[in-house]
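Shown next, in structure tokens, is the structure this report addresses.
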């Protein structure tokens, strides 16, 4: 059993809060202390939202979970918070699959797709570091992706099974080895790595699952622990002497032997009932398949205490009733903690959509005898469950979504940029001769060594425009949905370094596109109402020019839509607030000088697996099948638009056009 130690949060920064940051910090902190459940920080681009969040955490002093909508963004936040809080525990918790293909079954072609997952060791270590930190001290900030609402083992079991070693403790060597095996550590005297231990005479060396290079050397004298030291596992260098060390389990799905026996009995009982059901329905192939697969897993559990895909039996292993809420990272926090949701207008819809997508895939596996019905309980939280488990939330967004607006009585605004930078000037120009006009504007920026972003409505237009610009001698690249995360980051870096002067794309709202060198953002077809030109996405796009003191936006349009009017008025309002502040304090706007943070190497992963449209269109279809496909795509498109994933929505819209044209 470990005791949680108390440490205050300490910010390391050369800056003090300024502009309207102090007011925003004060309002949010007072709201939290008064027990407010929902608060929203409406922070314009470049106003230092991360710094405000850090100051709120410091003032409130609670363990905090910060949820971002993908691994890349979580990685950027992790780097920033680690810089602000070097003395505190800043942790990182994302899905640990480098490449993850969940198991699935396609009935029409009778294809079973095995789970194919290569676990990324670095991320696995960081996940263990995050969960163990919560049981060791209270100054913990965990940056997580939405995967934090997926099932995890029972936190009480995880905490109770900690192997605690203390100098002077009575314990013989074989007892320690037995305890380590119970918590899923394996003995390996040759290939010493995380989650293993090795034995040399009276010395046991343990490589904790939560550490990167540090192992623990426990020296025995008879039946007593004589000495505990932290050692670098590669060099063998002794780092420091320890009086005490807590070794957390090597797996989050660890179960005591007596509980495992009960779990196995429960699984056998469920298997028996399900086989009867399938045979009564004359589903003999499915029954045979289920019997074979489940019995193999049970055999592995009896022998090894573990099996591949053990998470599918989590409801039995944690002895929960069927259909009950799964344990997640949220349960590892105590009673008094804080949740911050970054880019909440994108992250919350993701949290909301996780359960349904997961359920649909697993239901097919259950129906066809690949899994027991209880596998449906290894799932992400439903949105209502997420709401139940979280006590106090701060939503952070430049354009809060409907949920935040509905649940927050008063927005905490952060409009003023400490740098004095103004929101960009916006000009609306007619579409006639727009491309020639655009080229001359680009030329002006190139001469000043500045960069340009151009956003279009369709993939074809992006491609044609890029080709046209290349022929005109402009250094341009096209950012589209097929580009993988790593390449995407490289293209943005190349833009900053001047390899390119222009980037063309459909959705330039995704992470990492806050580029100070960009002085011009061009919005083509600004008057075409739709999800790509809604007031929220227009404001976000305009914000991309707000990090440069010469920032301008040109909208090409032949009429003024409501969305355009709202975005232009809101930008002007923010511009005036900033101008007054600058005048009062004698601030001259200056372009941000922003260094590029190193991301955790492991964050540059297959985010793109989730970017592509899920719907595959078969070549030949009946009229009925075609209509069903159209309905499905329409549904998916609306969801993607709601989630601000406009590239995916556009791809789906193009599919719809094709289908309707063929019909």
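Using the three backbone atoms N, Cα and C, a Cβ is placed for every residue, glycine included.
Under the heading domain 'Helicase ATP-binding', Swiss-Prot lists 30-417, citing sequence analysis as support.
Of all the Cβ atoms in the protein chains shown, 17 others lie within 10 Å of the Cβ of residue 50 (ATP binding site). The ATP binding site annotation in Swiss-Prot covers 43, 44, 45, 46, 47, 48, 49, 50, and the record cites sequence analysis as its basis.
Residues or ranges marked as motif 'Beta-hairpin' by Swiss-Prot: 96-119.
Sequence annotations record features per position, and here Swiss-Prot assigns domain 'Helicase C-terminal' to 434-600.
Among the features that Swiss-Prot reports, domain 'UVR' is placed at 627-662.
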Report task. Count the Cβ atoms, other than its own, that fall within 10 Å of the Cβ of residue 47 (ATP binding site), considering every protein chain shown. Result -> 26
**Report entry** Cβ-Cβ neighbours of residue 46 (ATP binding site) (radius 10 Å)
**Finding:** 21
Query raised in the report: Excluding 43, 44, 45, 46, 47, 48, 49, 50, which residues of the same chain place their Cβ within 8 Å of the centroid of the Cβ atoms of the recorded ATP site?
Result: 52, 398, 414, 417
